[in-house]
Amino acid sequence: MDEIRYPIGKFQAPAAFCEEDAKQWISDIRQIPAKLWEAVSGLNEEQLNTPYRDGGWTVAQVVHHIADASMNAFLRTKWTLTEDVPSIKPFEENDWAKTTEARSLHIEPSLQLLEGLHERWAHLLESMSSDDFQRNFYHEGTKENVPLYVLIAMHAWHGKHHTAQIVSLRQRKGWN
């Protein structure tokens, strides 16, 4: 089950900031929309409404979730760059995945949103200094200060993680 749920493994937070790692995270963030488009290309409505695992979200819900999470992460980035240790509220991703548009809207609006958002986010990240990446926000859910570089690393992993779930489902089902 872990291979299905975590096809690229669980997220491992970096212990320290490294500029070379940051370049890779930014590249990953920029590429997520194209890789996600490729992963869902040619899927019909029935396939889009198939859970990627037993008890998991449907492919469409995963796509909408990536958009939700990316919007949150982009805003967290902006707040962290413009405020002194802003307090960030967590979002209840399972509840968000049950909202009407996450359950019934076609995936194209979320894919289009991701294209523009990730291009904008990557552009912002490329302009940041080493000190910017080490700025912190306070996460109300974990009650911890989180460095921005950890958020960026996590979201680079996050997009690849969910895209791999969809690719894995396609392989298991023979949806080539």
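First residue shown is number 1, and so on along the chain.
Each residue, glycine too, has its Cβ placed from N, Cα and C.
Between the candidates H64, H65, Swiss-Prot assigns the Zn(2+) site shared with H158, H162 to H65. Excluding the listed site residues H65, H158, H162, the same chain places V62, I66, A69, G159, H161 with Cβ atoms within 8 Å of the centre of the Zn(2+) site Cβ atoms. Under the three-state DSSP scheme, H158 (Zn(2+) binding site) falls in the helix class. The candidate set comprises the binding-site residues H65, H158, H162. Of these, H162 has the most other Cβ atoms within 10 Å. DSSP gives H65 (Zn(2+) binding site) a helix state.
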